[in-house]
Amino acid sequence: MATAMKQRPAETDLIQSKENQQQNMVLHVKNLEIFYGEKRAVNGISMDIEKNSVTALIGPSGCGKSTFLRSINRMNDLIPGARAEGEIIYDDLNILSEQINVVALRKEIGMVFQKPNPFPKSIYDNITHALKFAGIRKKSKLDEIVEESLQKAALWEEVKDRLHKSALSLSGGQQQRLCIARTIAMKPTVMLLDEPSSALDPISNAKVEDLIVELKKDYSIIIVTHNMQQASRISDKTAFFLSGDLIEYDITDTIFTNPSVKKTEEYISGRFG
Amino acid sequence: MNTKTADRIATGVFYCIALIIIAILVSLFYYILVNGLKNISLDFLTTPSSNVRAGGGIRDQLFNSLYVLVITMVIAVPLGLGGGIYMAEYAKPGKITDTIRSCIEVLASLPSIVIGMFGLLMFVNLTGWGYTILGGALALTVFNLPVIVRVSEDAIRSVPRELKEASLALGITHWHTIKTVILPSAFPTILTGIILASGRVFGEAAALLFTAGLSTPRLDYANWNPFSATSPLNIFRPAETLAVHIWAVNTQGLIPDVEEVSSGAAAVLVLSVLIFNLLARWIGSLIHRKITATK
């Protein structure tokens, strides 16, 4: 059933579905180029990211996929000499524009990093840190959001008795789910995940994957991963990057079973990368 | 076999070096304390010093040392920390930043007597204050600022980048991230730097000779009005600190018990630095545990 739905629309439906697609998109990337100083890391890519789905970015190390991901919530601003050209349209605004309020943007487009990076504070404070900054002071409201986001991140049962213990006392997998919970608490629209489970053991990895599939009901998720199985298990669409170019972008099943570019097939079957 | 021997020799050498360091430290402490402790009594700590007669104490000098330390830190810590935050978080790499950095390094390597002469010119003559606690504290600030800036900058830089990114990615401003994530993480290292700087302030004599002066007016410890001339809290009075006192009695003292007073004062100085360190570390770890929620 699921695969039937994912199949490509018939010719006659194409125009109709194109219109639908426009509305179902959360991000439009147009001719995006990213430079580190003189070096170009992303060579003019264009793609649309679907709402409430999981989009996987795959490709060998240094292919520009993480650079692309980090440009979506302007984390590259922190890197001296990094600059981006082209457009990423979110909510009718170009994210890359100088006038964008980066702080407000990052509330809408949250990010979870490769290495679990909880703050060296209590579990509770990890989640309330950003909420308090956003102006929520009421204890009852904070308690409510903490529980809700930990529930959503499937961590509540494990930590509900130790909310005021240090987050660093959690296991790596729990820390990563806490980082996801902390992002969820801000109620973003888009969640960017940069290899979120590459530092985790297989069991924690499975939990994080289940969580991602669960989360796409409420969020649009873009995930960078080096793990082909992971991309095929959890994503709806997959984009293959190679040396800064977007080689192929299609429905995940198609990419993995019948890619149209030879390079994609070679990469997926492990012939390089 | 060869590498194994080399490894053993290296281990031995480093053990020896550690032993030498410990031996120097222990013998120094032993010498100061054995000679000094027998001269310390409640009387010694609570009577003012005498210029001519035997049996003078170090009450005022001890208080002055602590008070100068507090005033110096009140000025130097905010400035130094601010400088460190600027250098680590805001300064863009380039010529200006490089110039600031080399200025800080030059400042850090100035001999303290030179800073004392500068203080005499600036804070004593130019301001017309004469010898004052504030002048001394400002001279010591010049002396300690580079250290605190450097330590804060390094401490802030060594906070993992992931933590900063995590906070920024949650839609938190740069300044709030510095305040609530970076500074708490850097706090233990910054505290260590401040404690080391405090030790230098406590033991400094040369920079104070011509700024805070060699005398202390008659003080009335019941007088807490900081504007009164006899109040110990008045920052516009001259103040001889412990370290200066030790130097003064040894070089120009007329009292017959120079030996006793200076060795007693030296022991008090060393013990005060020790107590101050332990206290600051203890309070620091309490604060750190509170913010990081660790046991």
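Using the three backbone atoms N, Cα and C, a Cβ is placed for every residue, glycine included.
No curator has checked TrEMBL annotations; they are predicted automatically.
Remember, it's a predicted structure, so these values are computed and weren't measured experimentally.
As given in TrEMBL:
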TRANSMEM  B:12-33  transmembrane segment
DOMAIN    B:62-280  domain 'ABC transmembrane type-1'
TRANSMEM  B:66-88  transmembrane segment
TRANSMEM  B:100-123  transmembrane segment
TRANSMEM  B:129-149  transmembrane segment
TRANSMEM  B:181-202  transmembrane segment
TRANSMEM  B:261-280  transmembrane segment
Any contact, the transmembrane segment (B:261-280) to the transmembrane segment (B:12-33), with at least 3 Cβ pairs under 8 A: yes
Long-range Cβ neighbours of the transmembrane segment (B:12-33) (under 8 Å; 6 or more residues past either end): 263, 266-267, 270-271
Selection from B:100-123, B:129-149, B:181-202, the stretch that has most Cβ pairs under 8 A to the transmembrane segment (B:66-88): B:129-149
For the transmembrane segment (B:129-149), distant same-chain residues with Cβ under 8 A (at least six beyond the ends): 64, 67-68, 71-72, 74-77, 79-81, 83-84, 87, 104-105, 107-108, 110, 112, 115-116, 118-119, 122-123, 193-194, 196-197, 200-201, 204, 207-208, 210-215, 234-239, 241
